[in-house]
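Reviewing the structure listed below.
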Amino acid sequence: MTLSFITRWCDELPETYTALSPTPLNKARLIWHNAELANTLSIPSSLFKNGAGVWGGETLLPGMSPLAQVYSGHQFGVWAGQLGDGRGILLGEQQLADGTTMDWHLKGAGLTPYSRMGDGRAVLRSTIRESLASEAMHYLGIPTTRALSIVSSDSPVYRETVEPGAMLMRVAPSHLRFGHFEHFYYRREPEKVRQLADFAIRHYWSHLADDEDKYRLWFSDVVARTASLIAQWQTVGFAHGVMNTDNMSLLGLTLDYGPFGFLDDYEPGFICNHSDHQGRYSFDNQPAVALWNLQRLAQTLSPFVAVDALNEALDSYQQVLLTHYGQRMRQKLGFMTEQKEDNALLNELFSLMARERSDYTRTFRMLSLTEQHSAASPLRDEFIDRAAFDDWFARYRRRLQQDEVSDIERQQLMQSVNPALVLRNWLAQRAIEAAEKGDMTELHRLHEALRNPFSDRDDDYVSRPPDWGKRLEVSCSS
């Protein structure tokens, strides 16, 4: 089957990119590919049998028109000016059978005009982390970019140490970022900001294209998508680590996995990025940061969208976020209805977990085993202050009994939203260290496990992290 690529970005937004081809690595080799995703995208298996090929930037497929995008952004709350694809190249936009499209973006593809002081490369460590994280999030049901392939090489890349160079093929319906809009707003080119908005609406919000109120409705949906995404992050204990405006997806996807982390111990102020000295991107600050980023996007639209309309959309953010968050947390607790004491029960559980540094994922998974008419709970053994837990658990059981559903029905609901497995940093690190020694077994094994996060397991993937795996420091270096 021949893959079809179109050139919408290239044709319609000529001032937003530089056309260039990838720079291949030395002795590149394909070490992993996503067969399930490839099948979904109708990619012939033969493409994965011819060496690094397109996955390593050595060849292009017919119809591809590679380019590096330019954008700007606020980093850690400070205007950083022009940024752009410093090591990534958009190879093309695949036209799928249903009429939708999928960007093929090759990360680590070499120097671009936007590399600044960088070398245009990615290392094996970071490409493995992103591949694992994006697939983990996908199977958790959270909107995200996807990983299609990893290529390793003999090319040395210099970071804190010398690491093997690598490339990641990332796919997504669009790589439109808040930073694309900021770039032209701060260059005082509002007509180009409007072109970007029209492009987005035409291709991703086409049902609004002929609406005279399209910009307000479109921005309101961007706000809603962002609020929903952040609510989902918070419910699974995911910290992004570097929520700069240039890392914010217009479509509400999780984008640019760097120093991310899933909660081990429940620590509301968890900081996963060791460069985040002020805690701007701490776990509990993510909802506020996302709103701040949306405000920056709204500012770029103010030359052609009424400020009152923008503010009305921004004002809806909190309610949308709380609605999504509340619904999912009630499901995690096994509540079939909404009762006035629900928030108090959740907050008291969080307080108990924070005091005892309870494991976030294990706590909710074990809570899924609760039988409403039994005072016994396997979760009790996870707490030191048994009296405090017993007091909370007694009130929790009384609340469960109000819903009048069977234990089996409730447990099935809870186990469908409380994962047994998340991508803890130590699991990723173990796969990385093996891969750097040439053993890809753990990389493939972990990828396979992450496809079923809600299934019970009896291996160390669902155990508490070992001592060496706690508080692993992760930086933006990639």
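Cβ from N, Cα, C; glycine included.
ARG170 is the only one of ARG129, ARG170 that Swiss-Prot places in the ATP site (with GLY84, GLY86, ARG87, LYS107, ASP119, GLY120, ARG177, ASP256). Cβ neighbour counts within 10 Å, taken over all protein chains shown, single out ARG170 as the most crowded of the binding-site residues ARG87, ARG170. Straight-line distance linking the Cα atoms of ASN247 (Mg(2+) binding site) and ARG87 (ATP binding site), rounded to a whole number, equals 14 Å. Rounded to the nearest whole angstrom, the C-alpha distance between ARG87 (ATP binding site) and ASP246 (active site, proton acceptor) is 14.
ASP256 (ATP binding site) falls within neither a helix nor a strand when secondary structure is assigned with DSSP, and so counts as coil. Once the Cα atoms of GLY84, GLY86, ARG87, LYS107, ASP119, GLY120, ARG170, ARG177, ASP256, the listed binders of ATP, are compared pairwise, the greatest separation found is 23 Å. ASP246 (active site, proton acceptor) is 17 Å away from ARG170 (ATP binding site) when you measure Cα to Cα.
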